[in-house]
Amino acid sequence: MAQLLDSPGFIERSAAVPHKAAAAPATRDAAAPAAVPGAAVSFELVGKVFDGPRGPAAALREVTLDIARGGVFGVIGRSGAGKSTLLRLVNGLERPTSGAVRVNGVDVGTLDERGLVALRRRIGMVFQHFNLLSAKTVAQNIGLPLKIAGVPKAERARKVDALLDLVGLAAKRDAYPASLSGGQKQRVGIARALVHDPALLLCDEATSALDPETTQSILALLADINRRLGLTIMLITHEMEVIRAVCDTVAVVEQGEVVETGPVWRVFGDPRHGATRALLRTLAHDLPADLAAHVRPLDGAAPLPCGAQLLLDVRYTGASGGEPDLGALTAALARNVGDAVHFVHGGLDRIQGRVQGRLVIAASLAARGAAGPDRIAAALAAARRHANRVEVLGYV
């Protein structure tokens, strides 16, 4: 218990959201040490087995992960992949069958009930469903955990007002949940999760019940809270768009295993596992079906006929870190294949300051007659100097 209370990661954030320590023993310590570098959460060969109707079922298999302090870490996967089990292990709602889950160096599995209570007061939790008490006002819903903890009324009021300002709901202080939109209800849930000044905020599908516009506003709020308060966020979702919008690092979970992890720009720009590619398919610039139906494959050493258009698949993964020079790319193709070069399909995006995406480019061969393998190979070599990957799709 003492180790947990003295852990350097559980820091006071009074500068951002004023919260004077109460004299009651249920409140947090008045002077907590500053945070130190290192993992906020670590999973060490974690396995979790549940008893199912057909016998033991493994929800997680030898998961090893480090979640850096002060970042936004996303966990994504299909339904039933094991995402929520990971999150429940962090706050001690589940115990690992094997391995260890450490929060700021403390093995959660070794804590007794009193230790778990102390842990959970330093971990905020935002749920998919808002779980607000309909008979209580917004302010009362936010202040309820403080009331249960024995925080004096005046101090509760100051804390609640500061949190209402933080989440943009100061005007809704005395409103009841029935009068709020879905986004406003989730803002109340976020404010309530912050009442004990947590160093770690867990979000379990926090935007999946919201419309796209409201989702973006909630993600912007989470990013702002991360910047202003410096707390670590662990976010569970099945939407790659959510990962792209707010996360620094992502782990892909498939059938209880972490199959891929890394910076968001790298995982999006160069996915290495089939599960990751499947999740990204909704964001990919796939060739439209009407165009794909007309694409013919290259026939070995046979030259392409005069008048054909060579289709190239050009990829930018973000690995170079610079801006793509599309003018140089098209000029290189024009010199080596044909004078008429144009973009057919695709798009570029910027993730964590890195440009990435896919472009389908057509190079007309009409101006220079038929093109054989040597000419096509020269065109590919020239194009690859200006992109991370260039492949031939075929011709039309």
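In case you wondered, yes, glycine gets a Cβ from its N, Cα and C as well.
Going by Swiss-Prot, these are the annotated features:
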type	residues	note
DOMAIN	41-280	domain 'ABC transporter'
BINDING	Gly77, Arg78, Ser79, Gly80, Ala81, Gly82, Lys83, Ser84	ATP binding site
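Under DSSP, Lys83 (ATP binding site) is assigned to a helix (H, G or I) in the three-state scheme. Within the set of binding-site residues (Gly77, Gly80, Gly82), the lowest number of other Cβ atoms found within 10 Å of a Cβ is recorded at Gly80. Summarising model confidence by region, the domain 'ABC transporter' (41-280) averages a pLDDT of 94. Fewest Cβ neighbours within 10 Å among the binding-site residues Arg78, Lys83: that distinction goes to Arg78. Every protein chain considered, the tally of other Cβ atoms within 10 Å of the Cβ of Ser79 (ATP binding site) stands at 7.
Of the chain residues outside the ATP site list Gly77, Arg78, Ser79, Gly80, Ala81, Gly82, Lys83, Ser84, His238, Val253 have their Cβ within 8 Å of the site's Cβ mean position.
Secondary structure at Arg78 (ATP binding site), taken from DSSP and collapsed to helix, strand or coil, is coil.
Taking the Cβ of Ala81 (ATP binding site) as reference, residues of its chain lying under 8 Å away and at least six apart in sequence are, in sequence order, Val253, Glu254, Gln255, Gly256.
Neighbours of Ser84 (ATP binding site), defined as other CB atoms within 10 A of its CB across all chains, total 20.
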